Amino acid sequence: MSSTDYNYDEQGQFFPYFILTITSLVTIPVTISLLRPSKELENTATRIDSDYKPEHVDLIDGQRKKQRRRERRLKRFLVSVGGWVVIAWMVYLMMVTARTVPKIWDPYGVLGVSRSATEKQIKSHYRKLALTDHPDKRQEDLSRNITIESINDHWVEITKAFKALTDEEIRNNFLQYGHPDGKQSFSIGIALPKWIVSEGHGKYVLLMYALMLGVLLPYFVGKWWYGTQRVTRDKILVASAGNLFREYDNDLGDGGVVGVLSSGEEFHEILKGNKADYGTSKIEQRVLVEGETTPIKAGLSEKDIKKLKELDEGPRRKALGLLWAYLGRIELDDVVLNDEKYEVAPIALQLNEAFTSIALAYGNTKAVLSAYHTSQNLIQALAPNASPLEQLPYITAVIARGIEGEGSRTHMSIQDFMRIPADQRKQRAVAPGLLTETEYKSAVAIAKQLPFLQVEKTFFKVVGERFVTPSSLVQFVIKARIIPPGSVNVPDVNESDLEDIDAAEGDVDAITGRKDDKAGQKPIQPPLAHAPYFARDRSPRWHVYLADSKQGKIAVPPFTFSTFDKPLLDESGKPTFNVQTFKMQFGAPPQAGRYTFVMHLICDSYVGMDTKMEVTLVVEEASKAEVMEEEDEISEPDEDTIAGQMRSLKSGGTSAAAKPKKRRQDEESSDGSDTEGDVDSESETDTDTDTDEE
């Protein structure tokens, strides 16, 4: 019966291998994650060329540096360096430690015969050894370190080897178990030097294992698990998500969303202890002061003021006051309060993204629009209903009112401002109390770099089909160009760029939308948003969705994009005005008819650069579409055949192919399709569009 035998790494020759393996399992993945380049858009995009420095730029930069310190991979760097040091040390020990190779018992080697020797040869060689190595024949020779014990042991080994090769039972033991005595005890090697568990060190080893398994492992696993359960997919606290959900209302306006965002538990973490109440009254006094162009300088409505005053004293009330101070660009005359003002904005933006997801789940158009507008306001530090011109350097609410005109009832967008002839524009902006010559040039330079996405064409289509039929998979295609405000010599759109070519007939992946046409190509990123007051880098994102204006509901959920498939700038840095293509898919209505939607194209980083337009989806009856396709498939006789020549003679020499082609064109015009060219290679279903840019 076998037993188990434990032995230790006496010479420490296997200990480095054990430590090397364990350390590599941790160090290599950590190093890969450390060296892998970040895929976040904010870390790879270019910046708009600007030398504008807003007030308190030192506080804003300080908040950005604080965030970078939080995002730094310092812990991973230290783990990686420490791991590679340990690995290098273990490799060194492996190289300098003399390895003891255990000797495997070999009966052929003991007898000194070859493995091909026969039993007769083995017996003959054994008899010869008996004449020389038998204890009765050999003499003790201490000078050569040959003792009676060594002679006897040597002869026992020879006898054992002889029997292993000649005795049937012993031979079977050797063949099965590798030893003439049969199955041996099971030996387990422990890759730890014996001195660690001997000489009184055993209690320390037990203490180490208890610390690792009983304290450290549960702590790190618990911390990881609690962290995953504490944060939602939108990277906000679960408690904050619950607060946003409870305070959601379909009729929330832009200011109402700001009030909801103040319920985030994240504000409690940055406004702990004395910070929760410090300066709250001062903030509210400054926020509620009368404005020069608005009733309240910070842009609060009566409903927003009521919301602020109804809150209990504490972190939430202060956070809401700070948010309104940030949106109104209110000077608080306190370094700590101004610093907190810039700190709460990025947190509010993160919460707003979660609130947008909640609003989309309810599908109410007004709430979703308010959430997107709040994102614009937070990034640009603008109060609700503020002038879009305030996004440009040096332009304040007073200067914007002066440029727009005292009697103006609506705000002027940056695009409208840049469409004004240069001389008139300068005359409006450069004046005492408004902009200086230098400030005006800086504002115009920034405006000419902003990425305004101008829609050139929209249409619905079904890939591989000429018509949209009930319940088919529809693509809504948008053709648009990035045209910075104030661009001159903008070329006309090439009509071929407005077409959408269908995939080859056998390309199933492309037809079903699973094929990425940009595979292997590096996407083109727009520059980071020009947001000098926002203490984070932000890459602009565009959201497209279709809404039912009658019901006030979202018909097709948003499609979001942040990169383009064609270059935005040429090598000299000038706009290319390339036509970009964006597509969103959804299921067509189950009944035929004309369905009018309102398309919203919204940029989350700039105010006043949204596009709103009506689009009409024409769904044809499946039977009607089949009849039209069958008529188009009827082929006319070729003119070079006998039948074709006879037909030509009867028609007075008129080409037979011309008439059906003319008839097809008439049919296409009568059914409202704007499809041009070969319908087999492209398909565009008609949309009626009325544009109203906001």
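Glycine residues also receive a Cβ, built from the backbone N, Cα and C atoms like all the rest.
Annotated transmembrane segment per TrEMBL: 14-35 (among others), in sequence order.
Residues or ranges marked as transmembrane segment by TrEMBL: 74-95 (among others). Within the chain, the transmembrane segment (74-95) has long-range Cβ neighbours (under 8 A, six or more residues past its boundaries) at 12, 15-17, 19-20, 23-24, 26-27, 30-31, 33-34.
Within the domain 'J' (106-178), the DSSP-based counts of helix, strand and coil residues read 52 helix, 2 strand, 19 coil. Among the features that TrEMBL reports, domain 'J' is placed at 106-178.
The annotation transmembrane segment is assigned in TrEMBL to 204-226 (among others).
For 624-694, the entry in TrEMBL reads region 'Disordered'.
Per TrEMBL, compositional bias 'Acidic residues' is recorded for 628-641 (among others).
Residues annotated as compositional bias 'Acidic residues' in TrEMBL: 668-694 (among others).
For the domain 'J' (106-178), the predicted model reports an average pLDDT of 79.
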